[in-house]
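One structure below.
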Amino acid sequence: MNKLTQTDAWISLEHHAPLVKRQHMRDMFKTDPLRAEKYSLHAAGLFLDYSKNRVSADVLDDLYALANERLLPAKIKAMFSGEKINTSEGRAVLHTALRNFSGKPVMFDGKDVMPEVMETLQKVKAFTQAIHNKTHRGYTGKAIKKVVAIGIGGSFLGPKIVTQALKPCKVAALEVVFVANVDGCHIADVLAQCSAHDTLFVMSSKSFSTQETLQNALSAKAWFLAQGAGKKDIAKHFVAVSSNVAKAVEFGMAESNIFPMADWVGGRYSLWSAIGLPISLALGYDHFEALLKGAHEMDCHFQEAPLAQNMPVIMAMLGIWYRNFMGAQSHALLPYYHYLRGFPAYVQQLDMESNGKATTLKGKAVDHGTGPIIWGGEGTNAQHSFFQLIHQSNMPIPCDFLFPVKVPYLDQAQQQTHHDMLASNCFGQTQALMQGKTFEQCYKELANTGLSEKEMQTLAAHKTMPGNNPSNTLIFDELNPASLGALIALYEHKVFVQGCIWDLNSFDQWGVELGKDLGNKVLDMIQGRMNIDGADASTQALIKRFKQAK
Ligand SMILES: O=P(O)(O)OC[C@H]1O[C@](O)(CO)[C@@H](O)[C@@H]1O
């Protein structure tokens with residue numbers, strides 16, 4: 001395979017870029033009345049309008065040609081069929097098997113993984129039902145009212161944003177809260193609101209060796225015993241999700257209370273596994289299964305649709321265009337739905353931990369840009385905060401706007417008005433970003449204001465909006481478990497496609513290891529198990545300052 005930057009499609013895209021930079025989307029819409037229709041599609045309950053992007057038909061053709069030159073269809077097949085595409089860790093990448101409701105086997109190392117997947121799902125279902133119908137009770141016979149889910153990174157963010165986004169589906173009798181940070185004030189705050197009699201702790205850690213999770217679980221266990229419960233009561237109140245069952249047992253978990261997960265599930269792709277147990281507990285197993293089925297629908301679309309009609313591929317290739325040819329360094333996610341406010345943080349982890357790399361699969365340094373900075377916030381709040389920069393800075397920032405057409409509370413007074421306003425802000429912003437406002441328009445508006453000519457020129461310059469800022473608009477009928485599953489799978493596949501184009505391993509995360517390692521050494525220094533002399537002068541001084549003050 002040719003080097004990415006030497007492929008025919010790449011070279012052709014390099015030629016298009018200066019031309020497209022001189023074109024304005026205003027004119028693209030004027031010259032092509034069918035643009036919105038042409039550049040939009042439905043898939044798995046989601047509607048994507050990508051017409052407000054700085055692309056011509058030629059650019060799109062070249063982007064799909066680039067995907068073909070990088071053998072994308074074969075790479076999609078390789079992932080779904082259990083090849084060990086996570087080469088640096090020698091692992092397959094089979095999160096799609098966790099939501100495979102096709103009835104077809106998924107082979108890995110000569111064995112169908114589906115019986116094991118279904119068995120774990122059944123265990124999640126049975127446990128959820130036992131909590132909900134109160135057959136599993138606390139050590140004093142009280143029903144479980146609260147779940148504290150302990151985990152971090154991929155073992156936390158997915159379940160947290162899903163339960164937040166699907167709040168209207170919540171099982172009323174059960175409160176599920178999440179603790180991730182090793183900062184003790186979080187677990188202390190949470191425990192202060194718990195009663196040992198009716199609280200269940202779910203400890204989620206694929207490796208069962210993550211410092212934050214182990215420490216938070218130890219604190220939770222110590223608190224539980226300090227409330228008057230005995231060691232024998234722990235089994236009723238502590239369960240774990242892990243692929244390292246031996247370590248979980250060593251930690252003190254009863255083996256029957258451990259929900260297994262396979263080695264071929266990456267942390268940030270694991271909410272579909274038993275890591276999703278807090279989702280099932282919070283929303284009910286049926287909603288969890290509906291989430292998986294929605295994701296499966298997107299998986300089918302991703303595998304079957306031609307590249308030019310394939311939603312994850314379209315979004316990924318547009319991202320490649322902006323990152324590699326139009327100078328974009330970041331990508332903003334803007335959910336116009338309060339319950340989906342956690343989605344930018346979720347995609348931030350998914351995308352930046354997957355593609356925040358600069359080494360190819362063969363271990364060579366890349367000679368092109370890779371994963372962008374992902375950021376964002378909920379509309380309309382963000383409009384009154386960072387939108388100024390998107391509208392008027394000279395940095396190109398592609399944006400994704402997300403919006404549910406229906407929301408579950410429209411029967412309440414005034415709610416339709418709220419939702420109409422939300423829609424108008426969402427669509428209005430994409431319009432403003434695209435069309436901008438010319439100097440001439442701004443200047444004209446200042447006529448008869450009593451300003452001098454010079455003042456009018458200056459003020460008009462400040463008010464001018466360049467426009468030409470690209471955006472995708474993703475609309476779904478309502479945010480239910482199925483559409484949320486499809487939405488998350490859409491972004492997973494977008495990230496995968498970009499990793500394929502950039503020749504990255506999107507499924508390892510070596511970059512986080514050094515910090516963990518040095519952090520452990522510094523802890524040894526702080527707690528007197530290691531001499532500080534080996535550390536650099538700055539770190540030594542920081543440790544000394546901390547030790548003196550504490
Ligand atoms: O589930 P574990 O093993 O506790 O890991 C938590 C998280 O830590 C990471 O390994 C990196 O920080 C993530 O990829 C992972 O989701």
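Residue numbering: from 1, along the chain as shown.
Every residue gets a Cβ built from N, Cα and C, even glycine.
Under the heading active site, proton donor, TrEMBL lists GLU353. Annotation source TrEMBL lists active site at HIS384, LYS516.
Straight-line distance linking the Cα atoms of HIS384 (active site) and GLU353 (active site, proton donor), rounded to a whole number, equals 29 Å.
Rounded to a whole number, the distance between the Cα atoms of LYS516 (active site) and the residue listed as 'active site, proton donor' is 15 Å. A 10 Å cutoff on Cβ-Cβ distances gives the residue listed as 'active site, proton donor' a total of 22 other Cβ atoms nearby, all chains included. Note on LYS516 (active site): other Cβ atoms within 10 Å of its Cβ, all shown chains, come to 11. The Cβ neighbour count for HIS384 (active site), using a 10 Å radius over every protein chain in view, is 9.
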